[in-house]
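**Student:** What TrEMBL records for 11-126 is domain 'Tetrahydrofolate dehydrogenase/cyclohydrolase catalytic'. Per TrEMBL, domain 'Tetrahydrofolate dehydrogenase/cyclohydrolase NAD(P)-binding' is recorded for 145-296. Annotation comment: TrEMBL describes Gly171, Arg172, Ser173, Ile237 as NADP(+) binding site.
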Amino acid sequence: MAHTDARATLIDGKAFAAGLVERIAEASARLEQTHGVRPGLAVVIVGEDPASQIYVRNKGETTARAGMRSDTHRLADTTTQADLLALIASLNADPGIHGILVQLPLPAHIDAAAVLAAIDPDKDVDGFHVVNAGRLAVGLPGLVPCTPLGSIMLLRQTLGDLSGLNAVIVGRSNIVGKPMAQLLLAENCTVTVAHSRSRDLPALCRSADILVAAVGRPEMIRGDWIKPGATVIDVGINRVPSADPVKAAEGRTRIVGDVALAEAAAVAGAITPVPGGVGPMTIACLLANTYSAACRAAGVESEPFDA
Ligand SMILES: Nc1nc2c(c(=O)[nH]1)N[C@@H](CN(C=O)c1ccc(C(=O)N[C@@H](CCC(=O)O)C(=O)O)cc1)CN2
């Protein structure tokens, strides 16, 4: 199947995220002026994973640029679970910290579920705590995982009202697939969550007006899996060898999504590229969640940031 003429609109998550961070910075400054509360985010990283180091540095820099308090706790990969839990307890008790994020993945000797469960749900700006997952499932206000939240903002900006659309999510993780399903249901979509055991995945994907790829397999979703004109949200961030064989031999890499972008862009109506699509929205939404957590702590209604 030849896919030569790219016709899909590329959804510019980088630009949307930059505008969102500006609006959050303005709202945070107003919160500080009117209520004396400066939103504060603590990010905790354990170990030396190179990609995690970059994400954590970006989070710290973006938070500080937005005028918020930004604390980064860098712990050695020999840190015990007890020490990490003690740090979380102290951050839970710190009134100047409104958001706590523990960067994932954690080293294998630490039980990530126990660590996430120890975060005060009202400071859980990742939205991973079971209390926030429950709030989302029953439609109560709470903190929503950043990547799905950013994806919904891009969908609303692209399509407007999502009511009645068929949405297929490939991937059933607790941090993307499941919360994405809840958010799309709340937008009145008809939602299917597909996974590795789903039968005839290409046909299922072709039924989607909105296709969300969150499976973690480089370029798994091909152009002929996509319904013409569909909107495709690619959540995958996969590092693969450089396309240039000389650079690949030197160990150079590039980032691709879960969707084969060039093929998909010839069929879809709109698509998020990787990089530059959903990824930047993850950090912008972390700031949005930190601002909302600060407002909640101050008993103030937060300003909406939606598209
Ligand atoms: N506690 C958490 N851990 C992790 C999360 C998370 O949401 N909470 N998500 C990912 C990593 N992540 C944020 O932590 C993240 C990944 C990628 C990007 C991003 O902007 N990607 C760029 C490309 C970056 C590059 O070139 O390497 C893009 O897509 O344009 C932001 C955040 C796992 N851990």
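Just so you know, glycine gets a Cβ as well, placed from its N, Cα and C.
Since we're looking at a predicted model, the values are computed, not measured.
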**Student:** Can you list which of these binding-site residues (Arg172, Ser173, Ile237) have a Cβ closer than 6 Å to ligand 1?
**Tutor:** Ile237
**Student:** In sequence order, what residues of the same chain, 6+ apart, have a Cβ less than 8 Å from the Cβ of Arg172 (NADP(+) binding site)?
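**Tutor:** Non-local contacts for Arg172 (NADP(+) binding site): Lys178, Val193, His195.
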**Student:** Are there residues of the same chain, six or more positions away from Gly171 (NADP(+) binding site), whose CB falls under 8 angstroms from its CB, and which are they?
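**Tutor:** Result: Gly177, Val193, Ala194, His195, Val212, Ala213, Ala214, Val215, Gly216, Val235, Asp258.
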**Student:** Counting all other Cβ atoms within 10 Å across every protein chain shown, which of the binding-site residues Ser173, Ile237 scores highest?
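**Tutor:** Comparing the binding-site residues Ser173, Ile237, the most crowded Cβ belongs to Ile237.
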**Student:** For a quick check of understanding: given the listed NADP(+)-binding residues Gly171, Arg172, Ser173, Ile237, what is the maximum Cα-Cα distance in angstrom, as an integer?
**Tutor:** 16
**Student:** Within the domain 'Tetrahydrofolate dehydrogenase/cyclohydrolase NAD(P)-binding' (145-296) only, compute the mean pLDDT.
**Tutor:** 97
**Student:** Kindly report the helix/strand/coil residue split of the domain 'Tetrahydrofolate dehydrogenase/cyclohydrolase catalytic' (11-126) according to DSSP, in that order.
**Tutor:** 61 helix, 19 strand, 36 coil
